[in-house]
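Participant: Feature table excerpt (Swiss-Prot):
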ACT_SITE  Glu180  active site, proton acceptor
BINDING   Asp46, Asp85, Glu117  Mg(2+) binding site
BINDING   Asp46, Ser47, Asp85, Lys115  3-methyl-2-oxobutanoate binding site
Amino acid sequence: MTRPVRLQDLRDYKKNNRPWAMLTTYDYSTTRAFVDAGIEVFLVGDSAANTMLGYSGTNQVSFEEMVMLTAAVVRGAGPAMVVADLPFGTYEASDEQAVRSATEMVRRTGAHVVKLEGGVRMASRIRAITDAGVPVCAHLGFTPQSMNQLSGFKVQRGAEKLTADVDAVVEAGAEMVVFEMVPADLAAELTARCPIPVIGIGAGNATDAQVLVWHDIANLPKGDHRARFVKTYAEVGSQLTCAARFYRKDVEARRFPAEEHTF
């Protein structure tokens, strides 16, 4: 798509049963590569805490770090849509805090949508942000920022609770919603009745879209544990290690720089 991707495009994709792919990305150069691959929607996730910054959990990434990463992605995204996570601690306290964080994220980065975790309990935050003119993506099911309350990584099976959460975020004005680690049959049922696009991660293949962390599809770093819902499409970790090793050996043997690399 040469013109900017719009929220109406995603609604049309849902109406026409056209699935679409979202990827996380955190920097300019990687984003450019994914634009060339035809990815139309990017998520600058708080997963950057682990994948890019080396923190032990997503709750450790700061607002300023997310602003820096998101701005870089927007500069590389071209016509693609960019969704930015609001990190833990930047929206939970009050509607006013949520609006400040969301508007600041959009103003400073150019992101098109902000994402936050929670359903019924965050409905007023979603409504306040939406009323302030910022589109919202909700995140339901397994919510990593609340992992301590959820007792770790577990599939979220509560149909009644998830249904109530979906209804709440839709009523609050969310433009899209992520289902994480939700049983496939439940995700399919809720996707069919949900009027906004549903993005799945570990939620079966009946959702309107799929999202994965790009490091997972590329097996980077090599050997890291991958969740069951991940499919590896390339061995980028191994390729990077090989490239760096060959470079090091060439330097040590004075094979690089060769004559063709010298002025």
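Including glycine, each Cβ sits where the backbone N, Cα and C put it.
Map the listed features onto the structure and describe their local environment.
Facilitator: A strand conformation is recorded for Glu180 (active site, proton acceptor) in the three-state DSSP classification.
Under the DSSP three-state reduction, Asp46 (Mg(2+) binding site) is assigned to coil, being neither helix nor strand.
Taking the Cβ of Asp46 (Mg(2+) binding site) as reference, residues of its chain lying under 8 Å away and at least six apart in sequence are, in sequence order, Thr58, Asn59, Val61, Met66, Asp85, Pro87, Phe88, Pro144, Gln145.
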Participant: Can you name every residue in this chain, apart from Asp46, Ser47, Asp85, Lys115, with its Cβ inside 8 Å of the center of the Cβ atoms of the recorded 3-methyl-2-oxobutanoate site?
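Facilitator: Surrounding the site, in chain order, are Thr24, Leu43, Val44, Gly45, Ala48, Thr58, Met66, Ala84, Leu86, Pro87.
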Participant: Round to the nearest Å and give the CA-to-CA distance linking Lys115 (3-methyl-2-oxobutanoate binding site) with Glu180 (active site, proton acceptor).
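Facilitator: With distance taken Cα to Cα, Glu180 (active site, proton acceptor) is 13 Å from Lys115 (3-methyl-2-oxobutanoate binding site).
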Participant: What is the maximum Cα to Cα distance, in Å and rounded to a whole number, among the residues Asp46, Ser47, Asp85, Lys115 annotated as binding 3-methyl-2-oxobutanoate?
Facilitator: 13
